[in-house]
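**Student:** Input: one structure, supplied below.
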Amino acid sequence: MLRTYGRTTAQLLSEQKHAKNATKRNFTFWRTATSTFLALLVILPITGSQEPRFVYPTLLQERSSDGRMVVRVHDDLTLNLRKTSVAARRLRVLKHERGQPVTVFYDGESINKDLYEDEIALATLTVTSNNSGVEMRGILGPDHRIEPVAVREKSDSGTIRHAIYKIEFKEMLDTTISQATDEDESMLSERTSSRSEVPAVVSIEVFFVLHESHHRHFVHHAYALWYVCVITNSANLRLASTYSPKIQLIVSGVELSQDESYVVRREGQIHDSPTLGSFKDYAQNKKNDYGNPDIVYLMIREDVYTVYRGYFTSAGLGIAYVAGVCISTYVGLGEDEAGLFTGVHTFTHETAHLLGASHDGNDPLLSMPGHPGSKGCPWDDGFLMSYVNKGPNHQEFSWCSAHQMQYVIRYRGPKCWKHNHIQNVVAHVYPGMAVTMTDFCMSLLEDKFNFTFKMAEILPTTCKVRCSYRRNAADRYSTSVWSDTETIFRSDDALDHMPCGTYKVCMKNVCTEQPHETRPQERDDHLMARLLN
């Protein structure tokens, strides 16, 4: 059943007593601290939505007593940054090269190592510090992003010039789909969840499909990966109020989609609900290719159209199946202006739907026995699962939303809690170390029968692999069947950790020092230490 969750006067006025005071107390402190800081951000806005504000961030303390990095962004904003992790250890990227589908594996730690967050300011940033100063890139808070300027300028004190931009969010309007739950699946889920001890933290794997209109903005898939990781960590900061279990999203990969077969257009525009239904089938068919994630999210740069009050309008921003996590309806979609983080709120909102949260003020889901619903949290309070934006509340989940997500994750059972394949990743062994040059070079050819691999070289200046092949051409003047007088060449980016010199490897297309733990003897010693401990 399709439902557009507009509110009526009766719904706005309907309030029930809050379920359990203990439930509300679980996140009261988190709400108070966050709301106080966000209120300050509202009081001190950056004026001018089009023109950036230029700042020179300064590192005040590289490591405080609690391990945080303290950075003064400008006079009104100092961040207390802690390390965070949102990328899976091994990320998969599905893309097309020369018209052929290719899966590339990427080291998630290369993203995590420089990723920081300030949970009070709701900032998620990549931060690097060296003799040139501090460089910051990412989301600075609920409404702003920051990046170094293209032409590097330094202040007299040696700090690097950055630009702060306001993130232009559209007014929220989305659609949700409630579906009947398979009876056998429900019974199994209830039995397994009742027998199993719920872990304190549950990781939910999210795989992104980037529509062609979206991913063409990125010059390299590594930047697309970083971008969705920053967005996902921003959602995690809002999910910090969840409890028993705490829910943490993990990015497992992206598909740079060239296929529009799942898009349903009406009058030339992407129509939300039929597209979501088609995308559900598409994602289900590719679930193994995606590594069996818990959620698949389609990110689109085009306007998403919906039917609202009888009109076909571009006002829609996203759509998702309520409580679709970990079952066949595990998909959602939303708009995002690639590179500008305009889809952060939409992604957080739609992911919360998938995790089981309905709009505030709604009845329990009929398709899920025992679902608590959100009647006790009025729509007009303006929390994240409402369209009403009154300020700091809009960056937080109501206690009803947290309770619904808790219920659904428990209801789904261990299939949502355990990711056994994560344990099977071999430590410090990466694609560039496992793929032979012969296999790598032969994968670049469409017609493998008429060619034989000769040799390959990696250019240290570009980390490009240059492959040469013997063309197998029949020689009618020779007693031999083949002639090797013709040579052809192909080139492509080296995989991470392919060697480009003595104790040097390619990392993100740069020839750099080989990490000690991946050098043969040291890697064996590290593995042995793990086995002994």
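Cβ atoms here come from the backbone N, Cα and C positions, even for glycine.
So TrEMBL lists the following for this protein:
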ACT_SITE  E350  active site
BINDING   H349, H353, H359  Zn(2+) binding site
DOMAIN    202-421  domain 'Peptidase M12B'
**Student:** Whole-number Å only: compute the distance from the Cα of H359 (Zn(2+) binding site) to the Cα of E350 (active site).
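**Tutor:** Cα-Cα, rounded: 10 Å.
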**Student:** In sequence order, which residues at least six apart in the same chain have a CB under 8 Å from the CB of H353 (Zn(2+) binding site)?
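**Tutor:** The answer is D174, T176, A320, Y321, V322, A323, G324, G332.
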**Student:** Under 8 Å Cβ to Cβ from H349 (Zn(2+) binding site), same chain, six or more residues apart: give me those in sequence order, or none if nothing qualifies.
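**Tutor:** Spatial neighbours, sequence-distant, of H349 (Zn(2+) binding site): M172, D174, G318, G334, L384, M385.
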**Student:** Within its own chain, what residues at least 6 apart in sequence put their Cβ under 8 Å from the Cβ of E350 (active site), listed in sequence order?
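**Tutor:** For E350 (active site), the qualifying residues are D174, Y297, G318, I319, A320, G332, L333, G334.
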**Student:** Is H353 (Zn(2+) binding site) helix, strand or coil when read with DSSP?
**Tutor:** helix
**Student:** Mean pLDDT, the domain 'Peptidase M12B' (202-421)?
**Tutor:** 93
**Student:** Around H359 (Zn(2+) binding site), how many other C-beta atoms are within 10 angstroms of its C-beta?
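**Tutor:** The answer is 25 other Cβ atoms.
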